[in-house]
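Single-structure report; data block below.
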Amino acid sequence: MTPEHLPTEQYEAQLAEKVVRLQSMMAPFSDLVPEVFRSPVSHYRMRAEFRIWHDGDDLYHIIFDQQTKSRIRVDSFPAASELINQLMTAMIAGVRNNPVLRHKLFQIDYLTTLSNQAVVSLLYHKKLDDEWRQEAEALRDALRAQNLNVHLIGRATKTKIELDQDYIDERLPVAGKEMIYRQVENSFTQPNAAMNIQMLEWALDVTKGSKGDLLELYCGNGNFSLALARNFDRVLATEIAKPSVAAAQYNIAANHIDNVQIIRMAAEEFTQAMNGVREFNRLQGIDLKSYQCETIFVDPPRSGLDGETEKMVQAYPRILYISCNPETLCKNLETLSQTHKVERLALFDQFPYTHHMECGVLLTAK
């Protein structure tokens, strides 16, 4: 695979290899055959970041080869959304011959939605001033004249200039209902939107008919907790990043959901609060004991669950675990399988043509 060529003819083979690999990894814990969810074979990534290389009068996107660290010029990127590909061409054309926008520009980040909105961030090794803003506004207006629904942001050390806004609103059809998700620049969002829809629908399917409330750790912008709210009496969710919490609160209102409560705290802190080890001012007005959480949802970082959180989740009858790293999932399962058994197993091909796998398991108490 090269940045400008996807081996789409190998899609089925690479997916089959992942299924075999996941089954092998999960063998100590389950003999289930994974439910497999395919990605689009191209244009599946909704965000991308590129370094910018200055070559005399020329200017272009590059990425670095992971093995050799050599530069690779990238003029098109079929893994990314069609909108990102349009913007890559338009941004280079708009910046190449503009000294103010070009000088000391070292990176461009793209974030797009299925609803065809985009935020493009230009990163600089220089101070950004009013002259930069004027030129950036002219570029933005020129892009919009090409029917590109784009917002531009300038970033430099301790500086962030938003010409309009630093977010876009995604609209996803999830099990017969449109979900609105505000996505903030420089915050985590699911990179493969088509795959995200399938993950949300799978999570809804495995939790249908649920009793009681749902607890979610690491909720981000509310991606899962808001979609799953229809299956539970109430949802209590934690997140540490301020922009994500703000986006989650917006998403609750935008989707007219009234049974989700977001708390800004780390999973480790929440564990302490639930166990009565510490009291937190930010929990004032929230009666944790009133929640009857029979299901806990976790979507941890690549490092998986820490030991304390492992112990905490074992107290719940059902654990729904989405993993972006099956190796750490299996490490966690060494502990979790002492009290729970795997009921459902899914493979989500979030990152086609790479060794990365995303998977989901539903665990129920033995």
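Note: Cβ is positioned from N, Cα and C throughout, glycine not excepted.
Features reported for this protein in Swiss-Prot:
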{"type": "ACT_SITE", "residues": "Cys324", "note": "active site, nucleophile"}
{"type": "ACT_SITE", "residues": "Glu358", "note": "active site, proton acceptor"}
{"type": "BINDING", "residues": "Gln190, Tyr218, Asn223, Glu239, Asp299", "note": "S-adenosyl-L-methionine binding site"}
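The structure, with features from Swiss-Prot marked on it.
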{"residue": "Gln190", "record": "S-adenosyl-L-methionine binding site", "DSSP class": "coil"}
{"residue": "Tyr218", "record": "S-adenosyl-L-methionine binding site", "DSSP class": "coil"}
{"residue": "Asn223", "record": "S-adenosyl-L-methionine binding site", "DSSP class": "helix"}
{"residue": "Glu239", "record": "S-adenosyl-L-methionine binding site", "DSSP class": "strand"}
{"residue": "Asp299", "record": "S-adenosyl-L-methionine binding site", "DSSP class": "coil"}
{"residue": "Cys324", "record": "active site, nucleophile", "DSSP class": "coil"}
{"residue": "Glu358", "record": "active site, proton acceptor", "DSSP class": "strand"}
**Request:** Select one residue from Gln190, Asn223: among these binding-site residues, choose the one with the most other Cβ atoms within 10 Å of its Cβ.
**Result:** Asn223
**Fill in**
argmin Cα dist to Cys324 (active site, nucleophile) over the recorded positions Gln190, Tyr218, Asn223, Glu239, Glu358 returns Glu358
**Fill in**
The rounded CA-CA distance in Å from Gln190 (S-adenosyl-L-methionine binding site) to Glu358 (active site, proton acceptor) is 11
**Prompt:** Beyond Gln190, Tyr218, Asn223, Glu239, Asp299, what residues of that chain have CB atoms within 8 A of the centre of the S-adenosyl-L-methionine site's CB atoms?
**Reply:** Phe188, Glu216, Cys219, Gly220, Asn221, Gly222, Phe224
**Asked** Over the residue list Gln190, Tyr218, Asn223, Glu239, Asp299, recorded for S-adenosyl-L-methionine, what is the maximum interresidue Cα distance in Å?
**Response** 15
**Complete:** Same-chain residues at least 6 apart in sequence with Cβ under 8 Å of the Cβ of Asp299 (S-adenosyl-L-methionine binding site), in sequence order, are Glu216, Leu217, Tyr218, Gly220, Phe224, Tyr321, Ile322, Ser323, Cys324
**Asked** Cβ-Cβ under 8 Å from Glu239 (S-adenosyl-L-methionine binding site), same chain, 6 or more residues apart: which ones?
**Response** Tyr218, Cys219, Gly220, Val245, Ala248, Ile262, Ile263, Arg264
**Asked** In angstrom units, rounded to an integer, how far apart are the Cα atoms of Asn223 (S-adenosyl-L-methionine binding site) and Glu358 (active site, proton acceptor)?
**Response** 16
